[in-house]
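S.K.: Please find one structure pasted underneath; my questions will follow.
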Amino acid sequence: METPTPRVKPGFNGVGVGMGSSVNGSSRRAGYYMGPAGAVAVAGGGRAAAAAPVDGCSVALRVFVLAATLVSAVVMGVDRQTSTIRITVTDALPPLEVPLTANWSYSSAFVYFVVANAMVCLFSAAALAACRSRAAMVPVMVGDLLALALLYSAVGAAAEFGILGERGNSHVRWPKVCNVYGRFCERAMAAVIVSLIAAFANLVLLMLNILTIHKSSSYY
């Protein structure tokens, strides 16, 4: 009987333990690898499929992005206000009172904002479900990059339209409307701010994912 010869193999963090032995001419190998997700057993001469390392901070950020984008999409999606506008036709006639409605769907920027936040919310839910799959790490990272670009573009478009409604544009004689639709503008502003915070959280999440893939690259 041969004496078992220990073999050390690198794991995710360069730390691993292996044991090989040969009995009656047959070779057997067993061991385990230590990584961020714990010990991964390997036996029978093969390598077990390792689960992706799960970072609690990344999961918390993912849940926050999901919740924040959901809130932003819902708040903007129900934003609507009807106000009575006085219109003077001639000085000889009393002003006419006309009810006018401001709705988020009347602005293409706000429509894009709602759709973008809804898409990022759905992607965050799918990424949470796939967070333990090592094969999904790179696709999720690419998705995070696209989600980040989508959020920032949506926030920029909605913020620009909101500033136009708040201040108007004297160069083209566009009057401000937030003095008439105050509640509508406040809700839109709140949705944009929450979505901007979600975009920052998504940026941090993307950086953490890149760092995780870099640390575990020695496994391959």
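From the backbone N, Cα and C atoms, a Cβ is placed for every residue, glycine too.
Found this in Swiss-Prot, in case it helps:
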- 1-57: topological domain 'Cytoplasmic' (TOPO_DOM)
- 58-78: transmembrane segment (TRANSMEM)
- 79-108: topological domain 'Extracellular' (TOPO_DOM)
- N103: N-linked glycosylation site (CARBOHYD)
- 109-129: transmembrane segment (TRANSMEM)
- 130-144: topological domain 'Cytoplasmic' (TOPO_DOM)
- 145-165: transmembrane segment (TRANSMEM)
- 166-187: topological domain 'Extracellular' (TOPO_DOM)
- 188-208: transmembrane segment (TRANSMEM)
- 209-220: topological domain 'Cytoplasmic' (TOPO_DOM)
S.K.: Near N103 (N-linked glycosylation site), which residues of its own chain have a C-beta under 8 A away, given they sit six or more steps off in sequence?
M.R.: D79, R80
S.K.: By DSSP assignment, list the helix, strand and coil residue numbers for the topological domain 'Cytoplasmic' (130-144), in that order.
M.R.: 11 helix, 0 strand, 4 coil
S.K.: Taking only the residues in the topological domain 'Extracellular' (166-187), give me the average pLDDT of this model.
M.R.: 89
S.K.: Would you kindly list the residues that approach the topological domain 'Extracellular' (166-187) from elsewhere in its chain, counting only those six or more residues past its ends and only Cβ-Cβ distances under 8 Å?
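M.R.: Beyond its ends, the topological domain 'Extracellular' (166-187) has Cβ neighbours at 75-76, 79-81, 83, 85, 102.
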